[in-house]
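> Dropping a structure here in structure tokens format, bear with me for questions.
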Ligand code: LLP
């Protein structure tokens with residue numbers, strides 16, 4: 001459930017009519033609903049009410065906006081970060097260092113050192129050499145690094161190949177059959193405080209089966225580690241819960257997910273860590289855009305909007321579906337292709353879609369754009385970096401400025417030797 005709805009025929013974010021935001025900020029613009037973020041954060045936590053000992057770390061890659069992180073920190077969420085930049089954001093948003101998990105397959109030595117210096121609560125190791133380097137860094141600081149080993153359980157998550165991470169050929173995690181021996185070796189290093197294991201098999205999972213299969217394997221590994229004399233106090237179950245992108249999508253609810261987790265992990269006797277991203281952020285945001293032209297097409301007309309693949313990359317990258325609705329629908333429909341102005345055919349959001357009838361100048365939104373939307377934006381075609389607005393009741397604020405093409409141009413230099421005398 002989200003807080004984007006029609007009132008008097010006009011699409012609102014909570015109590016703010018979207019045309020008011022278009023007027024004040026221009027388009028394209030991402031619009032987030034604070035009430036929806038809060039609701040999703042609470043529903044996910046309530047879904048896990050059968051899990052006594054847990055910590056939820058929002059996967060901030062889904063939406064790293066500072067105001068969003070601030071809001072989620074107020075809801076008691078920590079952060080799952082995958083770069084020094086994300087770590088800095090989580091800290092800047094007021095998240096306690098101990099509530100932050102550092103994941104990622106390519107953490108540099110510099111990033112690991114910064115994590116130690118900041119007192120990050122958990123570092124998920126992806127390979128043995130990384131563990132050795134982290135142990136050395138911690139030892140030289142007279143401390144022990146809190147860490148887990150991320151395991152690749154070799155489970156097909158049944159999602160898009162580009163967002164699948166738990167099959168053995170993927171770059172992520174340590175193969176599960178090698179993990180116990182590696183745990184033995186790393187646990188002997190004085191600079192490491194190995195707390196347990198982590199896994200994450202993919203994103204936008206439409207079915208709980210693969211997650212349950214992965215967690216079953218993780219449970220067997222925990223038992224094996226204990227047989228070998230290790231004290232396992234933590235298991236990180238990653239993120240991955242999918243969201244409905246279309247009104248008739250049926251996905252497992254956070255309550256379904258939580259019930260499965262509670263059942264499978266009943267005897268584990270650990271603190272469970274969670275790293276949800278999309279399920280918190282996806283339906284808390286829309287991308288507001290204005291129709292530039294309706295161009296006659298050979299089969300269907302092209303509705304050309306002022307948002308493009310550089311603002312919302314998901315359709316071009318993953319053939320993703322985002323519902324597209326008029327801000328002030330007339331009740332009439334049309335079948336159209338929806339495309340942006342960028343100079344490649346991949347800059348097409350949908351082909352032959354049944355949509356509200358639109359004309360030049362009309363406003364429309366792409367829905368479910370709160371996760372992996374603004375954060376994946378670029379300035380391709382020398383377009384401005386898209387701004388972000390947070391709505392909270394009847395208030396709204398720009399929480400990320402539009403970075404103008406001129407500002408980006410001003411950061412570039414022509415070396416003296418190229419300048420003609
Ligand atoms: N934890 C780890 C280690 C991850 O790699 C991810 C996502 C998450 C948690 C959060 O997963 P979520 O709950 O959001 O499914 N750009 C793609 C999605 C990439 C997901 C990458 N990892 C998209 O737009 O669909």
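All positions are counted from 1 along the displayed chain.
Cβ coordinates come from backbone N, Cα and C, glycine included.
Where the annotation comes from TrEMBL, it is an automatic prediction and has not been curated.
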> Starting from the substrate binding annotation in TrEMBL that includes 278, 314, 318, 344, which of 257, 302, 372 is the extra site residue?
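It is 372, as the record lists it for that site.
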> Given TrEMBL annotates 275, 276, 277, 278, 372 as pyridoxal 5'-phosphate-binding, which of 240, 331, 340, 346 belongs to that site as well?
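Same pyridoxal 5'-phosphate site in TrEMBL: 240.
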> With every protein chain in view, how many other Cβ atoms are within 10 Å of the Cβ of residue 343 (active site, proton donor)?
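The Cβ of residue 343 (active site, proton donor) has 9 Cβ neighbours within 10 Å.
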> Given a 10 Å Cβ-Cβ cut-off, pick out the one of the binding-site residues 275, 344 that has the most other Cβ atoms nearby.
275
> Round to the nearest Å and give the CA-to-CA distance linking residue 276 (pyridoxal 5'-phosphate binding site) with residue 344 (substrate binding site).
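Pair distance, Cα basis, whole Å: 33 Å.
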> To see if you understand the setup: which same-chain residues, six or more apart in sequence, place their Cβ under 8 Å from that of residue 372 (pyridoxal 5'-phosphate binding site)?
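The list for residue 372 (pyridoxal 5'-phosphate binding site) reads 61, 62, 63, 277, 278, 313, 314, given in order along the sequence.
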> Can you figure out which of 318, 343, 344 (the recorded positions) comes closest in space to residue 275 (pyridoxal 5'-phosphate binding site), comparing Cα atoms?
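That would be 318, the closest of 318, 343, 344 to residue 275 (pyridoxal 5'-phosphate binding site).
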> In the same chain, outside 240, 275, 276, 277, 278, 372, whose C-beta lies within 8 angstroms of the Cβ mean position for the pyridoxal 5'-phosphate site?
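Neighbours found: 59, 61, 62, 203, 239, 241, 279, 280, 281, 371.
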